[in-house]
Amino acid sequence: MDILHNLAFGFEHALTLQNLFYCALGCTIGTMVGLLPGLGPLATISLLLPLTYSIPTSSALIMLAGIYYGAQYGDSVSAITMKIPHAASIVACIDGYAMTLKGQTGLALFTAGVSSFIGGTVAIVVLAALAPSLGEVALLFGPADYCALMLLGFICVSVVTTGSVINGLAMCLIGVLLGQIGTDLETGTPRFTFGAQFLVDGVSLVSVALGCFGIAEITKNLDEKSERTPFNGKIHLIPTWPEFKRIWPSALRGSVAGSILGILPGGGPTIAQFAAYAIDKKVSKYRHEIGTGSIEGVAGQAAADEAAARTSFIPLMSIGIPENAVMALMMAAFIIKGIQPGPNMIAKHPDLFWGLVASMWIGNCFLLIINVPLVRIWLSVFKIPYSVLFPSILFFCCIGTFSVNNNLEDIYVTAAFGFLGYVMMRLALDPAPLMLGFILGPMLEENFRRAMLLSRGSFTVFVTRPISATLLGVILVLFIAQLVLMLRARGASRAGKPVAASERDTIVASPESARN
Amino acid sequence: MKELTRRGLIVASAGGVVAGLPSVASGQGHNWPERPIRLIVPYPPGGSTDVLARLLGERLKDRLGGTWVVENRPGAGGNTGIDVVAKSAPDGYTIGSATVGHFSISQYLYSRMPFDSDRDLIPISLTWELPNVAVVPTQHVPARTIPEFIAWAKGRSGGYFYGSPGVGTSPHLCGALFATRIGLTATHVPFRGAAQTIPAMLGGDVQLAIDNLPSYVGAIAAGQFRVLAVTTPERWPTLPDVPTMAEAGVPDFVATSWAAFVAPSATPRAIVDRISEALRAIAADPAVQQRFETAGARPLGSTPEEVREKSRHERPIWKEMVQISGARLD
């Protein structure tokens, strides 16, 4: 009852004409920003922060939040249509883009839109019901527990790999190595910087993702001997009932994964997308299609992304801890308005918190209204001749990379990764595991060393802490299960049924065949 | 010398005749600001330097006109952004928000610096200071005072852990100096900012931090942290019951995180003085003081010379701290 009362109170604040306007404005800006390759909510919010000085606090927050979660959906659009990812839509480049190559862009976008809506709704329920107490969950996780969580993440490597598992592992390790570039946190020693000042803080995720996916893909298309003709086929937008039935289970699974991971500092949407994808690949009824452009591969990711973006507000609002860069900026917005986020904030400013929660749901509806009809417009991107489209995409990629640190050298780094990505593509190496290694590697190292420091070098900390022990147990079970399956598959292939091999072949071949 | 001046005058007046008088004026800064001013913050958006610089940028716009655009240029512990300022055109359109690190610490941490704060920069005015506070998590550390903490820590085998937002930051250096002064073993645990340190402390893994107050204001208000001492020379206005380090029995321990706006060293003095005056007036404004107070800081204003003096005055203690901590960055 309390929740209903609070939500009613929140809607009272969110439904004023002014707040509705700022909510719609935020969602629209967010979607636009998400669509533009490489531009993220971080740069946008820091650019728009001065605008909020003159508007009331709750309206300002509603707008900034709208930009953040609006951008999550927009991200998926550019990943699906052009294979240009943002930090939180890397996975959408796998199945989403594969669907585009099959001519199912409309369906993929619709799936992403509906799944985002489902993800958002689930997360808002979590936020409303549990936020005041859930913030504490972030405190339960010590370095050893994060370490185990990251290890669990590495299990995903075999899942996000579409080609051979050995290649996937190799790419993952290259990602881990790339993550080592920069200053070592614990000693301050520069690693692999070769004396270059711009490498002192490492290479940014945006550079690696844009380079390995977007720029590599564009280069490959230019390289193609056969001219790629702009897409003119009939747009298949609204899914059939059987297709729709495939969206919601994945979206729900993604929402749950996203809601949980969103609460934990460090990962948020970036890690949630991989988790959702991995879960679907393990439990979905259509798991054999994932990787070749299936609805599930898009739905889970989009829902997780959206859910995590919203639950990442929980640590900020309930304990005053910003868990990622965007949340740090939101915190700055509070402080500029003279409000100090902390454990007392919900009690002291209930109108802000509940108004924000209610506005998120309104924003959710806005996004659905804005985006589903706009799918047709996004699709018209393909009517632009490639001689115009490609340079403009590259142009936006440059702006996007530049906007992260306002640093010109970052553009060169992105270009270098574009080249690397192209080479990898030609060698049929998969960039997704590289991204996973790049994201998880540094976090694993940092938390492992911190755990060792705090336990004074004793490994027992990993089994004595309940969370880490449980997670490590799960890893062990998964590992054994995988091993048993592999042995069984080998047994089966000896008996004349090369299951695994044939499956792989179809996966590698299908995007190619779909294009021709 | 005379010759030069005269020629300079002739050139200047000729330019004035040709282009119409304003060019002489703008050279002296009378027409400044004619275009947007970049206020470079050498840290990512959202940190306390960013927030406070933005607050000042707003007030400067009101007093001096023009558009003040905050530009975040993070990297290399804040050196990248200030290096950009040092190498910008000295026309009064690039201002940087530097901190004590750029003036008095970095030269001892880095084997080579991209700029020399005395040679390449002219300080405009002090802008704010914030104390480092020695905080302990209430749930895990029973101590209420520094002597109690020392007694409590002595009873722990292997000493205690202190957190910081990274090697060479003022919380790291303060933590190292503190352990040396009280003669106890302590292990440094670097994090990527207070947003990581706070959960680790609330979880009981880390027992002490001598960190910038702003990040802890909310958690202190909620009773999650207890403040044992402040590192300012006098007590801090919003924490009247908290003793200074000297009062708590740790002498020679004054280390505040202060900040100052800087410009490229050849910037016309007239412009520097105008901004400096405006900053002094802003710092005296009670509304600004109140806003800074909520954020855990205190606005300051000064002349350029006072900044130079402060930075020289503080170098010995920071040098000592860097040596004690053993921090080394490249």
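Each residue, glycine too, has its Cβ placed from N, Cα and C.
If you look up TrEMBL, you'll see A:20-39 (among others) marked as transmembrane segment. Taking Cβ pairs closer than 8 Å, the transmembrane segment (A:20-39) reaches residues 14, 48, 55, 59-60, 62-78, 82, 84, 86, 206, 210, 214, 359, 362-363, 366-367, 370-371, 378, 393, 396-401, 403 in its own chain, all 6 or more past its ends.
According to TrEMBL, the feature domain 'DUF112' maps to A:20-436. For the domain 'DUF112' (A:20-436), the mean pLDDT of the prediction comes to 86.
Marked as transmembrane segment by TrEMBL: A:51-71 (among others).
According to TrEMBL, the transmembrane segment annotation covers A:107-131 (among others).
The transmembrane segment annotation in TrEMBL covers A:151-178 (among others). Only residues 6 or more beyond the boundaries of the transmembrane segment (A:151-178), in the same chain, are considered here, and those with a CB under 8 A from a CB of the stretch are 91, 94, 203, 208, 271, 274-275, 277-278, 281-282, 291, 424, 428-441, 444, 471-472, 474-475, 478-479, 482, 504, 507-508.
Positions annotated as transmembrane segment by TrEMBL: A:198-216 (among others).
If you look up TrEMBL, you'll see A:319-340 (among others) marked as transmembrane segment.
Only residues 6 or more beyond the boundaries of the transmembrane segment (A:352-372), in the same chain, are considered here, and those with a CB under 8 A from a CB of the stretch are 6-7, 9-11, 13-15, 19-20, 23-24, 26-28, 31, 57-58, 61-62, 65-66, 69-70, 73, 77, 109-110, 113-114, 116-117, 120-121, 123-124, 127-128, 131, 310, 313, 317, 339, 345-346. The feature transmembrane segment is assigned by TrEMBL to A:352-372 (among others).
According to TrEMBL, the transmembrane segment annotation covers A:384-404 (among others). Long-range contacts of the transmembrane segment (A:384-404) within its own chain (CB-CB distance under 8 A, at least 6 residues past either end) are made by residues 36-40, 42-43, 82, 84, 204, 206-207, 210, 214-215, 218, 221-222, 228, 230, 410-411, 413-414.
Counting only same-chain residues 6+ beyond the ends of the transmembrane segment (A:411-429), those with a CB under 8 A from a CB of the stretch are 163, 167, 170-171, 198, 203-204, 206-208, 210-217, 219-220, 397-398, 401-402, 508. The transmembrane segment annotation in TrEMBL covers A:411-429 (among others).
Outside the transmembrane segment (A:467-487), and at least 6 residues removed from its termini, the chain residues within Cβ reach (under 8 Å) are 140-142, 144-145, 147-149, 151-152, 155, 158, 461, 500. Per TrEMBL, transmembrane segment is recorded for A:467-487 (among others).
Among residues of the same chain six or more beyond the transmembrane segment (A:319-340), those with a C-beta under 8 A of the stretch's C-beta atoms are 41-42, 45-46, 49, 52-53, 57, 60-61, 64-65, 68, 135-136, 138-139, 263-266, 268, 312-313, 349, 352.
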